[in-house]
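Participant: Annotation source TrEMBL lists signal peptide at 1-19. For 68-103, 104-139, 151-186, 188-223, 265-300, the entry in TrEMBL reads domain 'EF-hand'.
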């Protein structure tokens, strides 16, 4: 399937989804929960295992002896200690937890990296990305299927330039990750807001009014009666989204809506793990302190840390 066919299919699927009267589009970027298990250390450390390893990795912990768990945990601690000073801080532990929870993002980047680093120099230039993604369009600048490829390409180029911190139009893997997943990076938040507003702001006045807000997530499709959740969203817009009560959302109001300042679950869990393991109460952990509390971090269950460690090294 070439780009044009894929986009046509995507457009039809999107149109179908939006036509469903009970289908709600959620543009809000929330930090994911670390685990769906109850966080009650008096009962079990299952929540902590999910948080520290990621739920999918934690599922494989079921056969190691305590000795094997301690050995493998020691290896992962060496990776968490980013500055190699012999201590794991709250920030280092928080970074590891965030990595463990969002491993799918890095796996997605790795897949796309291989398809866009055409000269295999360990970098992806805008020209490489453009040719790999829009090569067919560049050969046929006036496709007859109704898609505005040029507009899509301009939008991608704008985001690529925003992700490219040094402005050389060549992305490192970190910059490429920011390009593909801008909601994960503070310096990319403005582009996330801008793109969202462009999608919803049908009259192109630079604001999102109530009907545009509702129209983005619900299509009447001939139905006179709105579902209750739509009525609730109207109330949410008036009471909470439109903070200055001028009948529309500006850039800052839109940012507050789609990028809320969520409770930082990763930081809270990192502080919890440090508090529970910090024997000398100096605010940081040695490898010995962590391994001594191995049951809190990983338990005596089986896993192969090797793959996780290799993926972590790649980033």
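Just so it is clear, glycine is given a Cβ too, placed from its N, Cα and C backbone atoms.
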Participant: What else in the chain is close to the domain 'EF-hand' (265-300), if you only count residues 6 or more beyond its ends and a Cβ gap under 8 Å?
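Facilitator: Non-local partners: 31, 33-34, 41, 45, 48-49, 51-53, 61, 64-66, 68-70, 72-74, 77-78, 81, 86-91, 93-94, 97-98, 101.
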Participant: At a C-beta cut-off of under 8 Å, are there same-chain residues at least 6 beyond the domain 'EF-hand' (151-186) that contact it? List them, or none.
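Facilitator: Distant Cβ neighbours of the domain 'EF-hand' (151-186) are 29, 102, 105-106, 108-109, 112-113, 116, 122-127, 129-130, 133-134, 137, 192, 195, 198, 259, 314-315.
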Participant: Please count the residues of the domain 'EF-hand' (104-139) that DSSP assigns to helix (H, G, I), strand (E, B) and coil.
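Facilitator: Across the domain 'EF-hand' (104-139), the residues distribute as 27 helix, 2 strand, 7 coil.
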Participant: Where does the mean pLDDT land for the domain 'EF-hand' (151-186)?
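Facilitator: So the average pLDDT across the domain 'EF-hand' (151-186) works out to 95.
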